[in-house]
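Peer 1: Please read through the structure below; I'll follow up with questions.
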Amino acid sequence: MFDHAYNSYMDYAYPADELMPLSCRGRQLLNKLDEFEEAVKKTVRDVRFDNDIVVSVFETNIRVLGGLLGAHVMADVLKQRGERMQWYRDELLHMAKELGYHLLPAFNTTSGLPYPRVNLRYGVVNPLSRTGTESDTCTACAGTMILEFAALSRLSGDPIFEEHARKAMDVLWEKRQRGSDLVGTVINIHNGDWVRRDSGVGAGIDSYYEYLMKAYILLGDKVYLNRFNTHYSAIMKYISQPPLLLNVHMHNPTINVRSWMDSLLAFFPGLQVLRGDLKPAIETHEMLYQVTKQHNFLPEAFTTEFRVHWGQHPLRPEFAESTYFLYKATGDPYYLKVGQSIVEKLNTHARVPCGFAAVQDVRTGTHEDRMDSFFLAEMFKYLYLLFSEKSQLPINIDDYIFTTEAHLLPVSLSTTQPPCHTNNTEPQAHEDDLFSYSCPSAQTLFPNNPTFAKTIRDSYKYLTGVGKAQQASPLKLVAEVSQTPEHEEVVPLIVQLISPPFLGRTVLTAGSAKFGMDLTKQEHGSVPYTACGPIENAVELQGHIALALRGDCMFAAKARRLQEAGATGVIFIDHREGSSSAETPLFQMVGDGELTDDITVPLVFLFSKEGATLTAALQEHHNVDVLLLPKEKQIGKGLRLPKLTIESPVEKSLASYAHPALLSVPGLDPFTGKQAAQISLYSKLYVSGQYVISFNLTEVRYQNKFMQLVRFHVCFVLNLFGLQWPVLCINSRHPGHVP
């Protein structure tokens, strides 16, 4: 999907700002490293900023400046590795600095809040600038500069950018309503008076809150965290009405100012995840998911009854962003299912020959001739990361913070570069809670408990009245797992251990794969491999079922390597400790985006608890025979062994349990090797359907002046597939003296 969108932009729109996918013309990346290098070269060659054009300060900052800084950081990483980009000499950083200087005239106001627009060549006050008459800007427009401008200062060594962005943040903080600790939506850039006093977390304010939290993470300055925590407490007190996030009046926050919500608030669950407040994040995200089920996408605005207020959907990525953060926090495969639904709906309702087109009205499905740059920068990045393992990424994603446009900036900037020294704002006192000064681990708060999120979601499952998902088109984005649409049942498979001492009694519930052998139609019968490199013991593997840990590479890649090495099947085991089929919904493994017809061996997936049972059996018994088959074909299902009560051999004759003795002669005691007075062998068969269970009994009697003793050996034998395996063996001896 990304290739389709990106290649369409390069073919039909480059170097214009945006692609018009319906008319196939222009209007004025993460794992493709070769294409990234080529894109950097084109940017350095073709892009200039000394143009007589009026631009949005906010949009130019988050899209262009942030993109240049993120690309510079990645180019520098690749260069330091010595793999590519050896020609690179910080060209993108120099371009970012030049652009920063072109944006600085916007901050020439009495308050320090920036003008909303600037002419890149003539600035603001020049008669030729065609701007500078504006008096108002939105809170987010003024408060979403600090990440990019501070990063630019710390990477370039010029503090002027961070100082201006910090000043704007200071003004917004000082102008908050002190009684409610809320801010309005629009503010006068000259005197700091509020023009629009409605307060929420959506359009007009959204990324101001986001950048307070992320400025603390990126820059290490507690002032930003103190401010964020103060605002967050106010948001949860007045704006959050789970699962809704409503706009209120900043001076009288008990009054809701409108009965609809806008789609930009979909970023907020992701921000709550960063803070560690999972419960309201799960609640709001589930509400948003139910809205997408009803309308295919989030409408630009929808009512508290979840009806369409504004029908446009410009392919916004905020819902995918929150889905990614919730999956990373909880590990709940449910959010992979949500991600799959996003992919399917994009392919079904937005994909056009020249890219992906915005939806003009979700009620009719009509398209708009636009594909904004954030669709490439954010949507595909979050979806790619959602379905990827960390080991598959060219960088350690935990070393970076996402800007509001999903560009990556290194958190090392908080320590490797000096901070701005002009901040004298004192932190405000507020009531602390568990998450105020920490980055809590979801695994610490909710250890290995995927049901935590489910119990919260279940309250909102049918919030919009939609009971089941619509028929989905085939998944086209490469993903490791596939949650089946709600109306389609995942057929559970099993791994049944049939060799001694298990003999079919240990049955492990397993998930299936959408490639390889269909076990519902065909039947078959150590330490797990990572299987992402050469198989070193292929000779030992031939003719056996292989175990492979999930992670490091795709399921299909592992399956191919193990099949080529001679494995007759593969059991994948989840690498997430503590996962189990009892607590996590089954899913189907899918391919790697290529044809998978070459994979023919049977494949199943075990969660880690079931996998631990299997590996423990292997460690103890070295070789274990298993069956891979659908659950309804489980061997021995419903079969009960005959009940045998053993009493004292002196008090009750064991022969009463069997046919007449097959043999009754003096001989050697098979247990001690000593001569016995009498050895009797008994045998009896029990037949239950297609299975035969028998037991054999050996009675050994000793005679002396004290007493007569009976020793017996009872074995129940399961006759299966022409082989006999003991199910239960008992040795006994009556207490007493044996000569």
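Glycine is treated like the rest: Cβ placed from N, Cα and C.
Below are the features I grabbed from TrEMBL:
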- Glu59: active site, proton donor (ACT_SITE)
- Asp206: active site (ACT_SITE)
- Glu300: active site, proton donor (ACT_SITE)
- Glu318: active site (ACT_SITE)
- Thr404: Ca(2+) binding site (BINDING)
- 529-614: domain 'PA' (DOMAIN)
Peer 1: Pop the mean pLDDT for the domain 'PA' (529-614) in here, whole number is fine.
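Peer 2: Per the prediction, mean pLDDT sits at 80 for the domain 'PA' (529-614).
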Peer 1: Could you give the Cα-Cα distance between Thr404 (Ca(2+) binding site) and Glu59 (active site, proton donor), in whole Å?
Peer 2: 11
Peer 1: Around the Cβ of Glu318 (active site), how many other Cβ atoms lie within 10 Å? Please give the count over every shown protein chain.
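Peer 2: For Glu318 (active site), the 10 Å Cβ neighbour count is 24.
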Peer 1: Other Cβ atoms within 10 Å is the metric here; tell me which of the active-site residues Glu59, Asp206, Glu300 scores highest.
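Peer 2: Checking each of Glu59, Asp206, Glu300, the winner is Asp206.
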Peer 1: Determine how many residues of the domain 'PA' (529-614) DSSP places in helix, in strand and in coil.
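Peer 2: Residue counts in helix, strand and coil order: 21 helix, 20 strand, 45 coil.
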Peer 1: I need the nearest neighbour of Asp206 (active site) among the active-site residues Glu59, Glu300, Glu318, using C-alpha distances.
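Peer 2: Nearest by Cα distance to Asp206 (active site): Glu318.
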Peer 1: Using the alpha carbons only, what distance in Å do you get between Glu318 (active site) and Glu59 (active site, proton donor) once rounded?
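Peer 2: Counting only the Cα atoms, the answer is 16 Å.
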Peer 1: Could you state the whole-number distance in Å separating the C-alpha atoms of Glu59 (active site, proton donor) and Glu300 (active site, proton donor)?
Peer 2: 18
